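K.L.:
Take a look at this one; I'll ask things after.
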Amino acid sequence: MLSNHLQNGVETAKLLWSRLPNTEDEDGEGGETDDGDGVLRSVGFDGVESLDYEVIENYAYRQEQARRGRLYVWYYVGVKWFFALLIGIDLPENDRHWDSYGPITRDLWCSYNNFRGTNGPMTCYRCTAQHSNGTGLAAVLINISVENFAGWKFSWTFHIVQKSYVAGFIVYTMINLALVFSSVYIVTQFAPAAAGSGIPEIKGYLNGIDTRGILLFRTLIGKISGSIGSVGGGLALGKEGPLVHTGACIASLLGQGGSTKYHLSTRWLQVFKSDRDRRDLVTCGCAAGVAAAFRAPVGGVLFALEEVTSWWRSQLMWRVFFTSAVVAVVVRTAMGWCKNDACGHFGSGGFIIWDLSDGQEDYSFAELLPMAIIGVIGGLLGALFNQLTLYITHWRRNYLHKKGNRVKIIEACIISVITSVISFGLPLFRKCSPCPDTDSGIECPRPPGMYGNYVNFFCTKDHEYNDLATIFFNTQDDAIRNLFSAKTIHEYSAQSLLTFLVMFYSLAVVTFGTAVPAGQFVPGIMIGSTYGRLVGMFVVRLYKKMNIEEGTYALLGAASFLGGSMRMTVSLCVIMVEITNNLKLLPLIMLVLLISKAVGDAFNEGLYEEQARLRGIPLLESRPKNLMRKMTAKEACGNQKVTYFSRVMKVADVATMLRTNNHNGFPVVDQSRSGETMVIGLILRSHLLVLLQSKADFQHSPLAVDMRSQSLPIRHSLSDFVKPVSSKGLSVNDIHLSSDDLEMYIDLAPFVNPSPYVVPEDMSLTKVYNLFRQLGLRHVFVVPRASRVIGMITRKDLLFEDNEDSGPVELQSTSGSTSRR
């Protein structure tokens, strides 16, 4: 009988192995593939493309602007604010009725609630969690799912270990394995761009780089469902980074009216079609993601300003702040729905907020030295974490993940099993401690599956607890709450904290980079709070003061590690204050952040910058390289030959030039009346492809169109030239031209940008760099020094009132009369 069961198990394993995908199949969106790092890449191309944040002021744009009145301007601004509201709260409700689950699940839920003491008359029979898939409610959905999956897992495991620890370990491992497998399978087969945190890709997008696939609808679904599986499965990952990516996806989908591929689009939302407007919406989405993840609306605004954007303005600040405020209200309202334990474990505080308002109230000057030491430790461990993850991710990308999706799935499953073995097995070797006799009001012990301190696990007596299980046998949010808790002096031993630090640090390094949605905020807080609490224990023993709280040092350690790894300062400081609800610790958090960032900068760059460079995202950092100060714009161009178009071109010549090079912008030249060649503007490759595909502007004559004519027909609107977000757009191979079409001509003058940005050839490359980054440019013309000046504009020339009823406003130029036409 046993041999038959073994044989059946082997056959089942072989069948599952054969069904695992091993090759990169096409995903049905133009031959995009996954290069092993979660970034979609098109065959034969680099997978990234610059965005056109510059306004293309061609003839069609100017005619459309001339037709728009003041009413349209108010409508345009109003829709922007309305979208800022939708980013926080929109999309349909998704009710989850408990009656739809099976009897085993309902019975397990009842037993779980019995252990938590929360069973009401109807709790075991029905639980309806009403939520939406906006940024704020997506965060609630993820938290509800993660907390309840973890609660069921710990409750079931605790039931079984009362009879057999081996059986409990098997059940615990299999639940984690099933959740992680669902996450990695969804990511590898449905949404490859959902792997990782997504913050480096979003940072690149707001920096002017579009990585294909990062803002698609399937990426949004893969991010949400994958985060639930990976975090609920107990991996050393967080859900906060993926929530930033989730907010950006929701904002982008709203900006383009939904997803046309999955027939989830609406025309009335298709208002903002330029890359410039989409950038503003994605910025709101990033801030909303942070606000939803940490319940920190001000921290979300500062995160978008400090970490991800390279261009900012006051109007955008207002909308980002409004979006973050809406998300905070939505999250708070959703939590109110779950106050009566209608949403399971989430209803009792599963959301990220670690209240330290009752913690240490004051600190002495002598404590500043150990706090500074925490900052140094955070900088060293954070820099080491960045370097180790960089090496491992590079090895994964170049060797392991090139073997196909099957290897990615197996890798994630192996790491899940190792994590389960460590988190379940290590507490078994730890001796239990007697419950302390304190008046803190904290119950001791608490069984596994319940949030709180003093977990009883593998203890022979009732009034004992396992300090290592208190950290391991909890969700990460609850474990951090335990480490931050006040009035729990001597709850943890130094041996247990050191063991957890080494093992969790190693797991976080190895797990980062797997093909699942992965954030590093909460794991970083876990690591930092562990060594921070260790330092706090030594400070308590050294100074022997009753007002020193180990939880305060755990908070400072968490801030120091995040500062040493991610190199954020202002936004991280505000986020830590908001999630701990203790403004008195602000100076101390600032101190450790400054020290940890300075120490980390001495070794390498921040985590997101390192990962962006590894993924091939060409970010323009805030400061140019020192070598650029010694170079000019002409030297940067080198000896490259400029490819340009004439104003009137033969269609065959246009198609040939597009096929023979990969440039995305071309100068357009024309002959003046004196026979001199002059540049009339810039035309984009994407615009040329639209013109060739439509064929509406083909003409038989090689003569130029009279641009001064009032009867010049407008055959294209601005929406015709819009490239779908996060896709490769139109290709020259997609255009079919007949022999008659190739013999015709096209006048490019109505479609060129007549006012591109131009720099003199002897301008320093540093100035060009700052111009590119601050304005979000894609192309800049380098021209010889001008022969004459026709005018000069100063600040006072730009200070005039916009009064359409008063007629044209005459600007007083500061130039001399001999320099004016």
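Every residue, even glycine, has its Cβ placed from backbone N, Cα and C.
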K.L.:
Identify the transmembrane segment range according to TrEMBL, selecting from 368-389, 742-763.
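P.N.:
TrEMBL lists transmembrane segment for residues 368-389.
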K.L.:
Out of 71-89, 165-187, 316-335, 521-543, 555-579, which stretch has the largest tally of CB pairs under 8 angstroms to the transmembrane segment (368-389)?
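P.N.:
Looking only at 71-89, 165-187, 316-335, 521-543, 555-579, the most contacts with the transmembrane segment (368-389) come from 555-579.
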K.L.:
Looking at the stretches 281-304, 409-429, 497-515, which one shares the most CB pairs under 8 Å with the transmembrane segment (71-89)?
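P.N.:
If we count Cβ pairs closer than 8 Å to the transmembrane segment (71-89), 281-304 scores highest.
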K.L.:
Any chance the transmembrane segment (555-579) and the transmembrane segment (281-304) are in contact, meaning at least three CB pairs closer than 8 A with a sequence separation of 6+?
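P.N.:
Output yes: the transmembrane segment (555-579) sits against the transmembrane segment (281-304).
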K.L.:
Are the transmembrane segment (281-304) and the transmembrane segment (409-429) close enough that 3 or more Cβ pairs fall under 8 Å, when only pairs 6 or more apart in sequence count?
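P.N.:
No, these stretches are not in contact.
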K.L.:
Cβ pairs under 8 Å only, please: of the recorded stretches 165-187, 281-304, 316-335, 521-543, which one is richest in them relative to the transmembrane segment (497-515)?
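P.N.:
Highest pair count goes to 521-543.
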K.L.:
Could you check whether the transmembrane segment (316-335) packs against the transmembrane segment (281-304) - three or more CB pairs closer than 8 Å, residues at least 6 apart in sequence?
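P.N.:
Output yes: the transmembrane segment (316-335) sits against the transmembrane segment (281-304).
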K.L.:
Under 8 Å between C-beta atoms and at least six residues away from its ends: which parts of the chain pack against the transmembrane segment (281-304)?
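P.N.:
Same-chain contacts beyond the ends: 83-84, 87-88, 135-136, 138-139, 202, 205-206, 215, 239-240, 243-252, 254-255, 272, 316-317, 319-321, 323-328, 331-332, 351-353, 521, 568, 570-572, 574-575, 578-579.
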K.L.:
For the domain 'CBS' (752-809), DSSP counts of helix, strand and coil?
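P.N.:
Looking at the domain 'CBS' (752-809) with DSSP, the answer is 18 helix, 8 strand, 32 coil.
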